[in-house]
């Protein structure tokens, strides 16, 4: 039976969907059958970030209405057969799928996959509550900015109130030089405020923009960028592996391939 993890954030624009795409692909590369559920109805982007937008024929909404079978709506990634996407409808609003319907979709998938990752709409409105309904665990994505952290704190409280106790923190778009100059909150600052376990730290890098524009998750790179390696490590931590966090202050791009072999084994290259 699958682990059901919702990827959420308080504030929009913190990179939540990028996180979902890369964690999903990384888990699939680790050998886990992984299904990604785009719950951001009306504003779907997960298909774009995975490069699957031209293959969307049916969405979750057609499954719920009986217009198609679940298997017809699921899109299998040709680069990684362990990964499938259930896309959201683009021309509907967030109220089009209820919490009970989201639970129904998850129940259709839960016995056939090892991981279900739900890409949750930003904010705390109806779409958020519908998306977190089926989840057992949550990853809260924030950037090290005070507004994003404050919104993340609010989301953590709502997740706990809805019975989700396994909540992890992912700090995205960290700029080590700005932290060093005291112009950005450090990871320690964010952890002190939010008081939940840290699962990942992803540095800011222009390669992330290139990756999203191309529809190619960073973890597919043969020679991993620093963010790509950080995403792989995050997936391994989600899987229960103990992996030290990278020292982003002093890290250079040169040893990435060597470190990847050390942490993940040559079979993942």
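Backbone N, Cα and C atoms are what each Cβ position is placed from, and that goes for glycine too.
Quick look at what Swiss-Prot lists:
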BINDING   11, 12, 13, 14, 15, 16, 17, 18  ATP binding site
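Non-local contacts of residue 11 (ATP binding site) by the CB criterion (under 8 A, 6+ apart in sequence, same chain) comprise 122, 142, 143, 147, 148, 151, 152.
It is 15 that, of the binding-site residues 12, 13, 15, has its Cβ surrounded by the most other Cβ atoms within 10 Å. Excluding 11, 12, 13, 14, 15, 16, 17, 18, which define the ATP site, the same chain contributes 9, 19, 122, 141, 172 within 8 Å (Cβ to the Cβ centroid), listed in sequence order.
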